[in-house]
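First up is the structure itself, then whatever we jot down about it.
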Amino acid sequence: MIYIDNRQNKIKVNEEFENKIKEIIDYALKEEKVNIDYEISVVFIDNNSIKEINKDYRNIDKATDVLSFPMLDYEEGKVFKDVYLNYEFDESDLDEGNLILGDIALSLEKAEEQSKEFGHSFLRETCYLTIHSVLHLLGYDHMEEEEKAIMRQREEEILKSFNLRR
């Protein structure tokens, strides 16, 4: 189950766009071998809102493009398919049968700015940021160069197989 809440009014959002975001989330999760019913919440916000969240949670006083709030714990260097692929979740791990993977806060305003800066479509940028955030929910990180290379490779592989290229 994917919940989308549009809390901004700077970028027009329609049902087709929301469905594309849901589709890319489903696709990325299948590519990462998430084979359990899940729940992810996505909130579309503007630069001011994401700046506040970034300051509150990361002590960084500037707007960013996307923030991820994973609900599962991962050992350093491990991702969902390493830890939970064959894991037997019990009812206490689930909410109405769904594994809560986490929340995504996406600044559509920043995504639009970056799409222009990088010379590709707004849809491609938001799909990329969504995949990036989903991978964070699944334990990927980019703090170390080796982790960053692995994460970037997975992002590009998923985008390419979903037929979205730079």
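In case you wondered, yes, glycine gets a Cβ from its N, Cα and C as well.
Quick look at what Swiss-Prot annotates:
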- His132, His136, His142: Zn(2+) binding site (BINDING)
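Mapped onto this structure are the features recorded in Swiss-Prot.
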{"residue": "His132", "record": "Zn(2+) binding site", "contacts (Cβ under 8 Å, 6+ apart)": "Val66, Met151, Glu155"}
{"residue": "His136", "record": "Zn(2+) binding site", "contacts (Cβ under 8 Å, 6+ apart)": "Ser68, Pro70"}
{"residue": "His142", "record": "Zn(2+) binding site", "contacts (Cβ under 8 Å, 6+ apart)": "Lys148, Met151, Arg152"}
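The residues near the Zn(2+) site, meaning same-chain residues not in His132, His136, His142 whose C-beta sits within 8 angstroms of the mean position of the site's C-beta atoms, are Ser68, Ser133, Leu135, Tyr140, Asp141, Met151, Glu155, in sequence order.
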